[in-house]
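When I checked TrEMBL for this same protein, it listed these features:
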TRANSMEM  A:39-58  transmembrane segment
TRANSMEM  A:92-110  transmembrane segment
TRANSMEM  A:131-158  transmembrane segment
TRANSMEM  A:178-200  transmembrane segment
TRANSMEM  A:207-224  transmembrane segment
TRANSMEM  A:256-278  transmembrane segment
Amino acid sequence: MSTTTVDRKSIRNSVGPGPAFHRVLNSEFIKFRTLMSTLILLASTALVMVGFAALSAWGTGQFAEQVANDPEAAAAMAAQGGDLAVSIPTSGISFAQLILGSLGVLLMSSEFTTGMARSTFAAVPKRLSPFLAKLIVVMVSAFLLTAVSIYIAGLVSLPIVDNYDLKLDLGSSQSVKLLLVNSLYVAAVAAIGMALGTIVRNSAGGIMSLVGLLFVAPIAFQLIPGDFFKEANKYLPTSTISPLTAVEHVPETLEAWQAALVLGAWVVVPVALAMVLLKKRDV
Amino acid sequence: MIEAKGLTKVYGEKTAVGGVSFTVQAGRVTGFLGPNGAGKSTTMRMIMGLDSPTAGSVTVNGEPFAQHKAPLREIGALLDAKAVHTSRTAYNHLLAMAATHSIPKSRVHEVIEMTGLSDVAKKKVKGFSLGMGQRLGIAAALLGDPQTIILDEPVNGLDPEGVVWVRNLVKYLASEGRTVFLSSHLMSEMALTADHLIVIGRGKIIADAPIAEIITGKGQARTRVRTDQPERLMQLLAGTGVSVEVHERELLEVSGLDPRGIARTALDNQVMVYELTPLQASLEEAYMELTKDEVEYHSHITTGASAPAQAGGK
């Protein structure tokens, strides 16, 4: 111990930069990319999406071959609009929403289960900025990963469908629309997951709520008799994709703009609730 | 400087902290002492803005913690040895924390070096021992080179070398004019580290005084004496204000007379004394005395008067 250091008694009041939003964003991005489990989940999402698209391309090709020899099936196919191949690249989307939605839950719930939250919110006591930074990181990476995976899935499917003389144009407006809408949808689901993780603060509970919303509710609502549930089913997040990507409006579904609003509400409401609770509750 | 005014935290029906007021001054080590469950950690979390007080307020350098422009540079805290995502490496954890305040990588390396974590910095925190976790927590607390440092049970789980290191570190930080606030449930550790003590029990401040005052305030200083003529020495020492207890056949405990006085008496009368130990335990006893009504979890099996629980506080 030295006595010469006593002249530092006039230690300044915090000099140097504080937690401005771009710094918090950088910090959240570091946290995001330094967890092996996150990287594994991202890689497996890409893998599953590409794999599913390849399988789907093969299945669709087989189906198209049968159709060629069967006038009845050909009629059924023509009634559907005929463009089977265009949805091949996005056929793995329900897995992507499950994995990336769970990732959204985990990234927030793990803050609380590991105690990391105490470090995070001691460094940035205005708690909303780390929350929003994390939300941006989660949504942007979910969007980009899904978009890139869909595109690669398309590239992988091309030679397969080509083999069956099916046409798949990745540059067509419908292909681009499917890619963008599905990627946005997965980003929305990841945001819902993160909000649930913040509200529940528990990984298993958050993931179960998300699975309930995305997979159980649509089936349950179909099974429960009554017009109310039939109507309510249209407003579930999973039901918004088809109106948003339909070539023309399908009866008994929402209009595209309605679907966009519904999906938006599914993001905004839980996120707002999560922010209020995060601000109010003790860490 | 940390100032708490009427700080209160109530969980449901249970009052964890009941209207405490105290000031932690810069330039010295202030110990925050109390049995498990006395409200130490809750108070510290309220200082850090992690828990909001039910009533009252607490400021750090004049402002509530959350109002500071650069919190990490203002106040560094170790609240929990593993306030870390354990799947991340120590280095990446510190890097992410540093990024919030644009603290350069060189400072991250510096605190890693300071806390002796260089060998394990690139390893996942999952495999860390409790002591390594404490070192990482201290590294995180020092990251912003803060004016105020709060450490909750920093020596918990540290090996003897680590304990000495923390002791020297906090003394050094205080000597630089920083505010150091350190909690423990171990009186003996506080006796060696702190300059000033705030004793808390059941959410209330029991004592707030310089450590020397707390020792002398409660009971007189005592000296352990071993001699082969205990009866004779007892007779010689007997006088006003001096009391002697016989513990074993050749072991006396003398209070009311300092070791020099005892030695003088023994020398003058040709009584051989083969041990003369000033009893520091009086601090521990003062603590036990202060907190005996405030201990929340009494042990059912008592192994002796001076056996404070070794388990970590929460």
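Note: Cβ is positioned from N, Cα and C throughout, glycine not excepted.
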Go through A:92-110, A:178-200, A:256-278 and flag the stretch with the largest number of C-beta pairs under 8 Å relative to the transmembrane segment (A:207-224).
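Between the stretches A:92-110, A:178-200, A:256-278, A:92-110 has the largest tally.
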Are there at least 3 C-beta pairs under 8 angstroms linking the transmembrane segment (A:131-158) and the transmembrane segment (A:39-58), leaving out pairs fewer than 6 apart in sequence?
yes
Can you say which of A:131-158, A:178-200, A:256-278 has the most Cβ pairs under 8 Å with the transmembrane segment (A:92-110)?
A:178-200
